[in-house]
Amino acid sequence: MVCSIIVITLLALGLASNIIGGYLYPQFYDHSCPRAQEIVRNVVAKAVAKEPRMAASLLRLHFHDCFVKGCDASILLDSGGSIISEKKSNSNRNSARGFEVMDEIKAVIEKECPHTVSCADILALAARDSTVLTGGPSWEVPLGRRDSRGASLSCSNNNVPAPNNTFQTILTKFKLQGLDIVDLVALSGSHTIGFARCTRFRERLYNQSGNGKPDNTLDQSYASQLRRNCPRSGGDQNQFFLDFVSPIKFDNSYFKNLMANKGLLNSDQVLFTKNGESRELVKTYAYNQELFFQQFAKSMIKMGNISPLTGYRGEIRQDCRKINA
């Protein structure tokens, strides 16, 4: 299966995007489901209060959804019939989570306004609300996406950047989605919240280049701390903060960590070590949180505009886990 190249057209800095077959705009549900955004916000707030980690999980779901044939909620589909779920992909298996929160939001919204609000739009709103609840910026979310009637395991495996990808591979994956190096660095800043498992960075601690030596771009005292709970073998599922300084606060300390060679994932640290332009962006955001917040909001809108299904394409799923009968 070919994973298509995506083109996004932005209008007014992405606050409305000109999409073939329809428009995305923040007021899309103002008449058909006026409480939609309030419902999403309330359920997300409850979930994050119960488990702060959930904010990062919901933000990640939107990202992993948009990078696979556009922001169409394909990541939420379970396997069944001809559908092989994207939840089984290398980037999602044993790590993508928050599906129960999505179920709860959808159930409340379906009671309020049946067959009206898409799962894809709920994902986009939940990502914004998760950012705000943890101290990050807010933005108006363009709405009007519809849900896919299929999923693509192969595209999920191929399109979503992996922790061990080279800088150039990661940048290429972003460019294939119509995103640029500024978007790459700003969106990577979402790693200011959340966790990663030992398996995602073990190579950096013990065998980065296949020579039995650790990554020399990783601060050695930080590496020693990580090795205590991430041994050469075993402990695969042990969790580590992506940003050890302020792990549940959305701020710019992620970029400060990169400047100190204390990025957890290889895909984080290469932003500072492998490219001059991205290095300068890291410095800029480390010194100026407001600038980071402004660009993060712009880049989230841009990412949310990747190949949405609009008009009569796709459907409004009644259950986010399965296509309509």
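Backbone N, Cα and C atoms are what each Cβ position is placed from, and that goes for glycine too.
Under the heading substrate binding site, TrEMBL lists Pro161. Annotation comment: TrEMBL describes Thr192, Asp243, Asp251 as Ca(2+) 2 binding site. Under the heading disulfide bond, TrEMBL lists Cys33-Cys113, Cys66-Cys71, Cys119-Cys320, Cys198-Cys230. The domain 'Plant heme peroxidase family profile' annotation in TrEMBL covers 23-324.
Between the listed disulfide-bonded residues, namely Cys33, Cys71, Cys113, Cys198, Cys230, the fewest other CB atoms within 10 angstroms of a CB are found at Cys113. Mean pLDDT, taken over the domain 'Plant heme peroxidase family profile' (23-324), works out to 97 on the 0 to 100 scale. For Cys230 (disulfide bond), the nearest neighbour among the recorded positions Cys71, Thr192, Asp251, judged by Cα separation, is Thr192. Distance noted between the C-alpha atoms of Cys66 (disulfide bond) and the residue listed as 'substrate binding site' is 12 Å. With the fewest other C-beta atoms within 10 Å around its C-beta, Cys320 stands out among the disulfide-bonded residues Cys66, Cys119, Cys320. Taking a C-beta cut-off of under 8 Å and a sequence gap of six or more, Asp243 (Ca(2+) 2 binding site) has these contacts in its own chain: His191, Thr192, Ile193, Ser253, Tyr254, Asn257, Leu264. Listed in sequence order, Phe67, Thr169, Ile170, Lys173, Phe174, Ser267 are the same-chain residues six or more apart from the residue listed as 'substrate binding site' with CB atoms under 8 A from its CB. In this structure, Asp251 is the one among the binding-site residues Thr192, Asp251 with the smallest number of other Cβ atoms inside 10 Å of its Cβ.
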